[in-house]
Amino acid sequence: MPINNIALLVMVLLCFVAVLLMLNLKEHRQVQAKKQQLNSYEQILDQVGAYIYVKDIHCRYVYANQLTLNFFGVTQDQLKGTSDTEYFPDSVANLLLKNDRKVIALQLKIADDIMVDGEEDGSCHVYHEIKQPFFDEKGKLTGLIGVSTEITDEYNLRSELEQLANTDALTGLYNRRSFNAFSEHEYARAMRYFEPLSLMIIDIDLFKNVNDTYGHLVGDEVIRRVALVCNQHIREADVLARIGGEEFAILLPGTDTESAYKLAERLRISQQTYRFPGQHEANDLPEVTISIGVSTLSVKDKSFAQMLSRADKALYSSKNIGRNSVHVA
Ligand SMILES: Nc1nc2c(ncn2[C@@H]2O[C@H](COP(=O)(O)OP(=O)(O)OP(=O)(O)O)[C@@H](O)[C@H]2O)c(=O)[nH]1
């Protein structure tokens, strides 16, 4: 082969190698750039004040940001392939797994509040978690991505506000608002399943005299004592509420007229014969009597209001015959 041709061949080969090297270098640079980009994304995620993690389709951890790693007390390498059973009590881990499986199976985003008991002080922490399916660039499901934030303070505040909105400050009983909600619910249930349902309205007799004679503060204590005595006689399913100043109501699911009447009589008598053990200050409060109106759900009732109105009428009958009595309507 002439020398010129060999030189040409060497030149072509060199060019080919140079092109290959350049391509390789470009690819290397791209990989490096991607790595750098991923590193900076990870750095960003590490600085977010939320627990961020990725799990595979078997609900095992693939990645977690620094906050999550700190919480679990593991490194990124130690985390890989582990599951929640290693970091949470069984009850919590099962709940988390249930949510994970839902996300994977239904390919749906879900949100939930999770309560976790603190190991050291027994305090309860609440986390709001959002989980959604995670797909690769070809659209194939590869697992899930989750974000959790601690909402203990908000949760406690919400519970306190809910309690304030639903309970009566003086007695701690349900207020009228929550009594109405319970009543509608129990009325619908009793109607649907043909179950008995009774209602009692209780009013303290001549209560104005108590206030006028002993003052409002003593009046308040008497209201609290009436509530306490009523509370001692009811079952867990019964709903006792303070629905007005000196007026109470008790909703009695699964209770027929006869049983409701017997309970009302027991309550009426026990308001006069109660005695709290020891030197209870309620024992020194002025005596009062109560009047009660009872009604029971009828198939003819079109709404809970009709039952309520019958109990009200029965209460007025009790007042009209001289108080300290029970009437059924
Ligand atoms: N101390 C106190 N008194 C209250 C409260 N809410 C309502 N009252 C009082 O309860 C009294 C109710 O009086 P009335 O409606 O005339 O009825 P009553 O004196 O109980 O007479 P009868 O119901 O007919 O037996 C009023 O004096 C109200 O001011 C409360 O939260 N605390």
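Glycine residues also receive a Cβ, built from the backbone N, Cα and C atoms like all the rest.
Over in TrEMBL, the protein carries these features:
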DOMAIN    37-104  domain 'PAS'
DOMAIN    109-163  domain 'PAC'
DOMAIN    195-329  domain 'GGDEF'
TRANSMEM  6-25  transmembrane segment
Could you tell me how many residues in the domain 'PAS' (37-104) are helical, how many are strand and how many are coil under DSSP? 39 helix, 10 strand, 19 coil
What average pLDDT is reported by the model for the domain 'PAS' (37-104)? 94
How many helix, strand and coil residues does the domain 'GGDEF' (195-329) contain under DSSP? 62 helix, 29 strand, 44 coil
What does the DSSP secondary structure composition of the domain 'PAC' (109-163) look like, as residue counts for helix, strand and coil? 12 helix, 30 strand, 13 coil
